[in-house]
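Student: Before we start, here is the structure in question, set down as structure tokens.
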Amino acid sequence: MPEVTLTTLHGLKAKGEKITMLTCYDATFAKAASQAGVEVLLVGDSLGMVLQGHDSTLPVTTAEMAYHTACVKRGNEGALILADLPFMAHATPEQAFANCAMLMQAGAHMIKLEGAAWLAETIRLLAERGVPVCAHMGLTPQTVNVLGGYKVQGRQEAQARQMRADAIALEQAGAAMLLLECVPSELAAEITQAVSIPVIGIGAGNATDGQVLVLHDMLGLSLSGRVPKFVKNFMVGQPDIGSALAAYVKAVKDVSFPASEHGFSA
């Protein structure tokens with residue numbers, strides 16, 4: 001497919017066409033996913049769980065993220081590569097900049113940071129220095145111990161109000177994209193309308209500008225055996241992985257995925 005850039009993603013939002021994203025950790029799947037038309041490949045710190053077998057993303061290091069980003073780059077055929085900054089890799093803006101540089105040198109086009117309004121200073125510094133940032137809000141797995149587990153965020157009105165304000169603040173600080181995880185569908189829709197940058201959802205309903213899933217989840221592979229509510233197994237009824245990836249792209253584009261049963265209410 002033609003090379004996907006940040007401008008491409010903003011254009012898709014402007015046209016009302018959904019953006020497709022999947023996690024990806026190696027060259028083989030990068031080639032398969034990009035050939036299927038997946039526009040954004042997320043080198044997620046979820047690799048700590050699905051590849052390394054940890055029970056959280058916390059043990060993943062920046063060096064490991066750079067290694068997998070480089071692998072994805074070698075197989076990619078035109079998708080935009082988004083890489084996660086792992087746990088405690090952005091404790092200060094300066095530390096964040098150094099670690100972002102490592103990931104971008106490995107092949108990332110954009111960096112994803114987990115957090116809320118407190119990230120504004122860091123995002124502003126990164127944006128000023130040429131690092132496009134995707135801010136990850138809602139359920140942020142790196143803070144799972146503070147959140148008390150993997151729970152839907154934003155169900156209480158005060159929390160929802162704060163999340164809306166934080167999204168606007170992060171866009172104003174220079175965030176180029178938002179990712180909302182496990183957020184009530186109605187709240188995700190409101191945030192998507194409140195900002196001009198693309199908003200990607202996972203467990204956030206179908207009114208966001210695009211969708212992302214963990215690659216292994218949508219292929220029916222689960223190390224733990226637990227399948228999140230927002231996941232659909234796209235291998236069902238498909239002859240091969242390439243067909244499953246293409247089915248995911250089609251379902252996101254025609255808004256048949258996610259369906260109502262994949263989302264959360266307030």
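In case you wondered, yes, glycine gets a Cβ from its N, Cα and C as well.
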Student: Can you match one of Lys13, Lys15, Lys112 to the 3-methyl-2-oxobutanoate site that Swiss-Prot gives for Asp45, Ser46, Asp84?
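Tutor: Same 3-methyl-2-oxobutanoate site in Swiss-Prot: Lys112.
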Student: Per DSSP, to which secondary structure element type does Lys112 (3-methyl-2-oxobutanoate binding site) belong, with helix, strand and coil as the options?
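Tutor: DSSP assigns Lys112 (3-methyl-2-oxobutanoate binding site) to strand.
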Student: About how far apart, in whole Å, are the alpha carbons (Cα) of Asp45 (3-methyl-2-oxobutanoate binding site) and Glu181 (active site, proton acceptor)?
Tutor: 14
Student: According to DSSP, does Asp45 (3-methyl-2-oxobutanoate binding site) sit in a helix, a strand, or coil?
Tutor: coil
Student: For the recorded 3-methyl-2-oxobutanoate site formed by Asp45, Ser46, Asp84, Lys112, which further same-chain residues have Cβ atoms within 8 Å of the site's Cβ center?
Tutor: Thr23, Leu42, Val43, Gly44, Leu47, Thr57, Val60, Met65, Ala83, Leu85, Pro86, Glu114, His136, Pro141
Student: Between Asp84 (3-methyl-2-oxobutanoate binding site) and Glu181 (active site, proton acceptor), how many Å separate their Cα atoms?
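Tutor: Per the Cα atoms, Asp84 (3-methyl-2-oxobutanoate binding site) and Glu181 (active site, proton acceptor) stand 14 Å apart.
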